[in-house]
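Written out below as structure tokens is the structure these notes cover.
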2 protein chains.
Amino acid sequence: MEETLMKVVKFGGSSLANAAQVSKVVNIIKADDQRRFVVVSAPGKRFSGDIKVTDLLIQYANAVINKQDATPITDQIIARYQEIAEAFAIPAGDFEEIRSTILGLPQHDYQDNDYLMATFKAHGERLNAVLFAKVLTAQGLKAKYLDPREAGLIVTDSPNDAEVIPESYDRISEWSASSLIRVIPGFFGYNLQGQICTFSRGGSDITGAIIARGVHADRYENFTDVNAIYAANPAVVHNPIAIHHMTFREMRELSYAGFSVFHDEALIPAIQGDVEVVVKNTNHPSERGTSITSTKRVNPAYPVSGIASSPNFCGIYIRKYMLDKKGYSQKILNILAEHGLSYEHMPSGIDDLTVIMRQDQLTDDLEDTLIRELVIALRPDEIHITHDYSLLMVVGEGMVNRTGLMSKATDALARQNVKLVMVNQGASEISMMFGIQEDHANIAVQALYDAFFPDL
Amino acid sequence: MEETLMKVVKFGGSSLANAAQVSKVVNIIKADDQRRFVVVSAPGKRFSGDIKVTDLLIQYANAVINKQDATPITDQIIARYQEIAEAFAIPAGDFEEIRSTILGLPQHDYQDNDYLMATFKAHGERLNAVLFAKVLTAQGLKAKYLDPREAGLIVTDSPNDAEVIPESYDRISEWSASSLIRVIPGFFGYNLQGQICTFSRGGSDITGAIIARGVHADRYENFTDVNAIYAANPAVVHNPIAIHHMTFREMRELSYAGFSVFHDEALIPAIQGDVEVVVKNTNHPSERGTSITSTKRVNPAYPVSGIASSPNFCGIYIRKYMLDKKGYSQKILNILAEHGLSYEHMPSGIDDLTVIMRQDQLTDDLEDTLIRELVIALRPDEIHITHDYSLLMVVGEGMVNRTGLMSKATDALARQNVKLVMVNQGASEISMMFGIQEDHANIAVQALYDAFFPDL
């Protein structure tokens with residue numbers, strides 16, 4: 001007999017996109033009474049080309065801000081919830097609460113449009129949680145909506161990019177003995193003034209992790225639409241192997257480089273609370289999924305867990321004889337800071353260095369300004385910006401012999417004539433990072449996959 | 001018939017260590033009347049265990065500062081010059097100028113002991129130039145001593161670590177039409193107040209390069225005691241191949257990593273004036289030597305010019321989940337700056353970075369302080385210092401396919417079980433840099449040499 005565990009489960013937007021999906025979720029919750037806390041996203045896309053409820057709410061907010069007629073939008077939003085409510089025979093009187101909340105959103109007092117936007121967006125999750133609690137009750141389960149305010153989820157005063165305040169965890173822990181299933185909306189909390197502030201987009205994963213840490217859950221199940229996390233992007237590599245266990249650090253590095261299965265900010269509460277995260281598929285709940293813990297795999301078949309690439313980086317190359325690195329770096333960082341720019345890496349040679357940044361931060365004008373200011377401040381012998389890098393990552397806790405793996409990786413890349421724009425590798429023994437041209441990225445991922453995941 | 005070139009020649013300390021060596025230098029100058037400017041070092045070691053005149057002068061200065069009897073030291077210094085003077089039959093009256101200058105050094109007014117030290121040290125070169133001009137004259141050549149003050153070599157006001165002031169070049173250029181051979185002491189110039197200030201140790205190379213740029217020389221011949229610059233340190237690799245041509249950039253990168261044949265600060269005037277530098281051997285002047293220019297080799301037999309390693313680096317490894325690289329780097333640089341520390345490289349992973357520094361800057365106490373301050377400022381999840389790195393460099397302008405070379409290098413290192421502590425590679429296409437454990441350095445250099453310089 002399995003021991004009793006406390007589980008927090010989170011369902012993504014595609015898992016709750018329509019009544020058919022919601023009934024799968026109901027079955028998942030019914031199947032395991034250890035699933036005590038249910039965190040829900042807003043209804044997502046039902047089909048390719050569909051609009052997510054969150055995006056409809058953003059349209060709604062903009063219409064209100066611009067004093068336009070929002071009726072066509074609110075009709076769509078209401079219809080999304082109504083379809084689910086009707087399928088589960090939620091009484092019309094109960095549904096009226098959802099309809100009137102949607103229509104009433106413009107009537108609240110908002111400090112400014114940022115707060116208005118945050119509140120509108122948050123209602124995708126909020127109303128889905130209200131509705132889903134009713135659905136579970138209608139299905140005979142003892143379930144109740146729990147608002148983040150009541151739960152004690154307090155966040156920083158940043159309306160659309162908030163972070164949890166650590167005091168929240170003690171408050172949330174008081175709910176751990178709850179005998180009911182608690183349905184909690186993802187994506188938002190309240191600041192100390194009681195205003196709604198959302199996390200960054202996709203932040204329902206974060207709410208789930210915060211609740212899991214707060215109630216001291218044994219496991220945080222994150223239900224989405226993939227059977228597992230794969231060793232490479234299935235859109236690039238044909239039929240990549242599933243990784244059934246990885247460490248938090250591996251997940252974090254892969255998230256950075258484009259593995260978007262699990263929001264990387266959501267890892268932090270899980271790490272802090274040492275809560276096992278399991279990624280599972282709502283559509284195939286019996287699949288094993290991917291377990292993410294602090295424990296390394298023992299004798300893994302492959303030393304590497306995943307190969308990822310992330311596009312849209314650029315590099316500012318600066319060369320000057322007798323470069324004084326410290327003085328140089330400080331001047332560069334100051335100039336970047338003045339423009340609110342952040343950088344990712346700064347590999348350096350003897351008389352040169354390259355500042356690797358996300359290029360979506362830059363416009364043509366800003367690039368010109370930046371180059372001009374750097375020339376004035378540094379008087380370099382050479383300076384230029386190269387666009388369209390991808391960062392290519394090879395991640396794995398099993399990299400005890402990194403020299404051999406580096407050799408294997410560079411050999412595989414050389415065979416495919418992938419040009420290395422940069423290699424940047426500190427003392428971390430968990431990953432290798434290469435800068436390559438973006439149009440080489442898919443070839444490179446395939447080459448590394450073939451090298452590190454040979455048929456056994 | 002060869003066209004007439006203007007050449008500046010510089011002779012190092014071992015080339016002028018005694019009369020036998022000096023007569024080789026005389027023959028070199030006699031052999032080519034294009035050698036118009038002769039820059040000399042102080043007499044160096046005549047045999048292993050001998051004391052260089054510069055070091056005797058430092059002892060002399062310290063004796064004077066500490067009010068000790070300096071006679072045993074001045075006797076040795078005088079004897080070094082006297083041996084040369086007598087061998088070339090310099091009249092005793094002429095030599096008396098050198099003797100009295102040495103004995104009179106303590107009688108000058110010095111602003112402080114730093115200036116005293118600079119002046120004492122500079123006289124190793126100064127008196128050698130005075131003497132050598134007399135030697136050349138005695139040998140029937142039209143030669144004259146040229147003092148850096150008269151030449152116009154003005155330097156910054158930093159008594160023992162000066163830099164040339166760019167205005168010097170115009171003044172020096174006025175000497176280019178001189179019909180006499182001008183013998184100029186290396187290693188020092190005068191500040192605007194007329195005080196002697198020296199370059200950093202080994203700085204006669206710098207004087208030669210400044211004169212060469214100033215007089216618009218076609219070639220700067222740097223005579224020392226090796227037949228050429230080799231592709232690897234002959235003390236590590238048996239009988240390495242000689243590199244007969246390299247670029248300024250290659251030389252600069254190899255200098256950084258420990259190739260000490262030519263002072264790396266001396267490259268700058270040569271680069272600025274685009275003066276060819278030729279490293280030649282006083283003892284075998286017919287050997288081809290190594291030519292250093294701004295022009296790349298065409299179709300080189302080997303894509304790589306040299307393999308070098310430099311010891312005594314350490315790395316501060318810092319890991320924190322969701323590292324904000326920009327904020328982090330600024331805090332780190334500020335803390336380093338407060339302690340007057342400089343860093344060499346800062347390779348970074350996703351959630352970690354390593355600060356590579358020269359470890360001779362640090363004491364145990366300073367390390368403790370640094371770690372404590374970094375912990376307070378950054379609250380890292382992990383921080384530690386690793387000592388005794390070597391930086392291993394593979395340098396070559398021919399690195400068009402760097403991926404293939406990286407693969408070859410890491411494969412060679414992996415076969416010898418050399419652990420890679422870091423790899424740091426920006427957009428420069430001229431070198432690859434690896435951090436390795438110091439005790440792997442010789443094995444690594446040999447492995448890379450074998451990989452990149454196979455018998456053809």
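For all residues, glycine too, the Cβ spot is worked out from N, Cα and C.
According to TrEMBL, the ATP binding site annotation covers A:Lys10, A:Phe11, A:Gly12, A:Gly13, A:Thr224, A:Asp225, A:Tyr230. If you look up TrEMBL, you'll see A:Thr54, A:Glu125 marked as substrate binding site. Residues or ranges marked as domain 'ACT' in TrEMBL: A:394-456.
Overlay of TrEMBL feature records on the structure.
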residue  : record                 : DSSP class
A:Lys10  : ATP binding site       : strand
A:Thr54  : substrate binding site : helix
A:Glu125 : substrate binding site : helix
A:Thr224 : ATP binding site       : strand
A:Tyr230 : ATP binding site       : strand
For the ATP binding site, please report the maximum Cα-Cα distance among A:Lys10, A:Phe11, A:Gly12, A:Gly13, A:Thr224, A:Asp225, A:Tyr230 in Å.
20
Per-residue pLDDT averaged over the domain 'ACT' (A:394-456), given as an integer:
89
Just checking: which of A:Lys10, A:Phe11, A:Gly13, A:Asp225 have a Cα that is within 10 Å of the Cα of A:Glu125 (substrate binding site), counting only these binding-site residues?
A:Gly13
Fewest other Cβ within 10 angstroms of its own Cβ, chosen from the binding-site residues A:Phe11, A:Tyr230:
A:Tyr230
Can you give me the same-chain residues 6 or more apart in sequence from A:Thr224 (ATP binding site) with a CB-CB distance under 8 Å?
A:Gly12, A:Ser14, A:Ser15, A:Val261, A:Val279, A:Lys280, A:Asn281, A:Thr282
Distance from A:Thr54 (substrate binding site) back to A:Gly13 (ATP binding site), taken between C-alpha atoms, in Å:
9
A:Thr54 (substrate binding site) and A:Phe11 (ATP binding site), distance between Cα atoms, whole Å:
15
Spatial neighbours of A:Lys10 (ATP binding site) that are distant in sequence (at least 6 apart) but have CB under 8 A:
A:Val38, A:Val39, A:Val40, A:Ser41, A:Gly186, A:Ser204, A:Asp205, A:Thr207, A:Gly208, A:Tyr220, A:Glu221, A:Asn222, A:Phe223
Which residue counts does DSSP yield for the domain 'ACT' (A:394-456) in the helix, strand and coil classes, in that order?
29 helix, 15 strand, 19 coil
Is it possible to get the count of other C-beta atoms within 10 angstroms of the C-beta of A:Glu125 (substrate binding site)?
29
State the Cα to Cα distance, in Å, between A:Thr54 (substrate binding site) and A:Tyr230 (ATP binding site), rounded to an integer.
28
Those residues of the chain, 6+ apart, with a Cβ under 8 Å from that of A:Asp225 (ATP binding site):
A:Gly12, A:Ser14, A:Ser15, A:Asn281, A:Thr282, A:Asn283
